[in-house]
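Features reported for this protein in Swiss-Prot:
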TRANSMEM  76-96  transmembrane segment
TOPO_DOM  97-146  topological domain 'Extracellular'
TRANSMEM  147-167  transmembrane segment
TRANSMEM  171-191  transmembrane segment
TOPO_DOM  192-202  topological domain 'Extracellular'
TRANSMEM  203-223  transmembrane segment
TRANSMEM  228-248  transmembrane segment
TOPO_DOM  249-254  topological domain 'Extracellular'
TRANSMEM  255-275  transmembrane segment
TRANSMEM  307-327  transmembrane segment
TOPO_DOM  328-343  topological domain 'Extracellular'
TRANSMEM  344-364  transmembrane segment
TRANSMEM  384-404  transmembrane segment
TRANSMEM  405-425  transmembrane segment
TOPO_DOM  426-448  topological domain 'Extracellular'
TRANSMEM  449-469  transmembrane segment
DOMAIN    492-641  domain 'STAS'
REGION    641-656  region 'Membrane targeting'
Amino acid sequence: MTGAKRKKKSMLWSKMHTPQCEDIIQWCRRRLPILDWAPHYNLKENLLPDTVSGIMLAVQQVTQGLAFAVLSSVHPVFGLYGSLFPAIIYAIFGMGRHVATGTFALTSLISANAVERIVPQNMQNLTTQSNTSVLGLSDFEMQRIRVAAAVSFLGGVIQVAMFVLQLGSATFVVTEPVISAMTTGAATHVVTSQVKYLLGMKMPYISGPLGFFYIYAYVFENIKSVRLEALLLSLLSIVVLVLVKELNEQFKRKIKVVLPVDLVLIIAASFACYCTNMENTYGLEVVGHIPQGIPSPRAPPMNILSAVITEAFGVALVGYVASLALAQGSAKKFKYSIDDNQEFLAHGLSNIVSSFFFCIPSAAAMGRTAGLYSTGAKTQVACLISCIFILIVIYAIGPLLYWLPMCVLASIIVVGLKGMLIQFRDLKKYWNVHKIDWGIWVSTYVFTICFAANVGLLFGVVCTIAVVIGRFPRTMTVSIKNMKEMEFKVKTEMDSETLQQVKIISINNPLVFLNAKKFYTDLMNIIQKENACNQPLDDISKCEQNTLLNSLSNGNCNEETSQSCPNEKCSLILDCSGFTFFDYSGVSMLVEVYMDSKGRSVDVLLAHCTASLIKAMTYYGNLDSEKPIFFESVSAAISHIHSNKNLSKLSDHSEV
């Protein structure tokens, strides 16, 4: 190797592998979105609405954290931690300005399966009841949260792995009907899980296939064990919550700050329970002791990761899909963009980091996001401000929640799921717009109810792909290109006789194994139809119509016209501008079209081809030695045909 070449190679290598300062800054801003918006934060315009939204969000985070921790079969205090740490991590790495990450009903329900399976309730009598050094909780409670933290950790690892593999671009298969049906079904599961608290019943943990129906069967079998006091308090709480929230919605334009009815109800119910000693007098279940402070971080137990991999995948997929839908809705509403892959990273890190602080799996929630909308939040600063108030609850106010009745907490959760439950109204929309989507919605909801949210999500995605695969090969792949515009462009440069022997076909779809044969059939049918309009039927019937070339040669195979065929050579131009991607079968079919036409004295030219298509066809069909068949535009291809025709005329004159 010469010195000049070695120097040139080393310079190229140095240029390729030496990152520039601007590249590093851009990478940091792309992976840490907070660096992009925080320096431009407008204190004067945004701080007040973000503060108000943060206070209201903190109320939601605390109530949902307590309830979803119980839903996840762990001590309520861990729900407070799950409302704190994920929100901080997402504010740094996430792109959704109105996405409130924290505890989530669907992920809590999934993680509860692992907790109840590995540390069942009957183990409480087998483990030591002495308080541990962590938060003063029993060994049983700590074993349970370690399982939930392991689910959170492994779920986060899966999400980060999906970010590395750039699988965010594959989320297009999770359509709106699938998300709507899955979240509605999961919300129905959550409501069902709260029935025992609403009725004041003691009920064993029921899960698994058809567990939804077994729960209601158990309720009806033990209907006499319902506590009337809990039922009445639940009904009163639900009525108050629904009424006040509806009034807030009606008058939100006239009042600047809505009434925090959740907070008012918590204070009133706790005070009433304390004054009347409802826990002992009426046997109402209360939240109980809430430890103060945050424990030192500790790694989740790695030895049980293999045992929770099913729940971890469910948490990773369901949590991400639900959160992404909210982030995309926020971006669409407020006119900004998000990166689907970056959301994988943000939620993955939220789950991984939080698992070291005894947190249950996290995701964004519809109720909290809607709350940020209604209170006028501008940025993730609202979530960070809410974290300050959550810290106050953890260190100071937490013990006062001891007397909060569980039936009131369950009522708050049920009413908070209203946004998901009213998605039943989407059925009318899907029925009127696309009945196949209606069928996918109903079947996905049924599978979610009968099995679980992750099973319903998987079923919905499979149904969507099956519908696409079933309909894709039947979609029209080619069409005759409008010739009027083309004639106008070329009429000053060439005679119209050239265009009479040219057929321009537009490829409208990707060419893959699903539609390769359909492409060939469509191409032949269109050309036969065009030719049938310009020739007698008797001529067509005398031709072989099973091959592409006989279609292109105008069907004139009788003796009267056979002499004119060589002089009137036809050309086929394939406009590949709508040809977005291809596979081996697609390239094989294109080469087959070319070779078939070549053997029948028909020229096939391709316009608007990508470099990858040219390379693939050249390699597959060994076209290196062929005359030019690839052109940058349809006009260039027609000009090539016209030039060849003029050369042919000159050749004929010279022979004469």
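Glycine too: its Cβ is placed from the backbone N, Cα and C atoms.
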(request) Test the contact criterion for the transmembrane segment (147-167) and the transmembrane segment (255-275): 3 or more CB pairs under 8 Å, pairs 6 or more apart in sequence, then answer yes or no. (result) no
(message) Tell me if the transmembrane segment (171-191) touches the transmembrane segment (405-425). I count contact as 3 or more CB pairs below 8 A, with pairs 6 or more residues apart.
(response) yes
(message) Within the same chain, where does the transmembrane segment (307-327) have neighbours whose Cβ lies under 8 angstroms from its own Cβ atoms, ignoring anything closer than 6 residues to its ends? I mean 6 or more beyond.
(response) 94-96, 99, 101, 104, 106-107, 110-111, 113-114, 118, 147, 150-152, 154-159, 162, 171, 174, 176, 179, 182-183, 186, 338, 340, 343-344, 347-348, 351, 361-366, 369, 452-454, 457
(request) Count the Cβ pairs between the transmembrane segment (384-404) and the transmembrane segment (76-96) that lie under 8 angstroms and are 6 or more residues apart in sequence, then report whether there are at least 3. (result) yes
(request) Please indicate, using numbers and ranges, the residues of the same chain that are 6 or more beyond the topological domain 'Extracellular' (192-202) and have a C-beta under 8 Å from a C-beta there. (result) 67, 71, 109, 212, 215-216, 219, 222, 225-227, 229-231, 234, 283-285, 406-407, 409-411, 413-414
(message) For the topological domain 'Extracellular' (426-448), give me same-chain residues lying six or more residues beyond its boundaries with a C-beta closer than 8 angstroms to one of its C-beta atoms, as numbers and ranges.
(response) 175, 177-178, 180-182, 184-186, 188-189, 455-457, 459-460, 463-464, 467
(message) Please report, as numbers and ranges, the same-chain residues at least 6 past the borders of the transmembrane segment (228-248) whose CB is under 8 Å from any CB of it.
(response) 197-200, 255, 258-259, 261-262, 265, 269, 278, 282-285, 374, 405, 407-408, 410-412, 414-415, 418
(message) Out of 171-191, 255-275, 344-364, 449-469, what stretch is closest in contact terms to the transmembrane segment (203-223), meaning most Cβ pairs under 8 angstroms?
(response) 449-469
(request) Tell me the residue counts in helix, strand and coil for the topological domain 'Extracellular' (192-202), as DSSP assigns them. (result) 7 helix, 0 strand, 4 coil
(request) Using a Cβ cut-off of under 8 Å, list the residues of the same chain at least 6 residues beyond the transmembrane segment (255-275) that approach it. (result) 52, 55-56, 59-60, 63, 233, 237, 240-241, 244-245, 248, 284, 286, 374-375, 400-405, 408, 412
(request) Take the transmembrane segment (449-469) and find every residue of the same chain, 6 or more past its ends, with a Cβ under 8 Å from one of its Cβ atoms. (result) 106, 109-110, 113, 173-175, 177-178, 181-182, 185-186, 188-189, 209-210, 212, 313-314, 317-318, 321, 436, 440, 443, 514
(message) Six or more residues beyond either end and a Cβ under 8 Å away: which residues meet both conditions relative to the topological domain 'Extracellular' (249-254)?
(response) 374
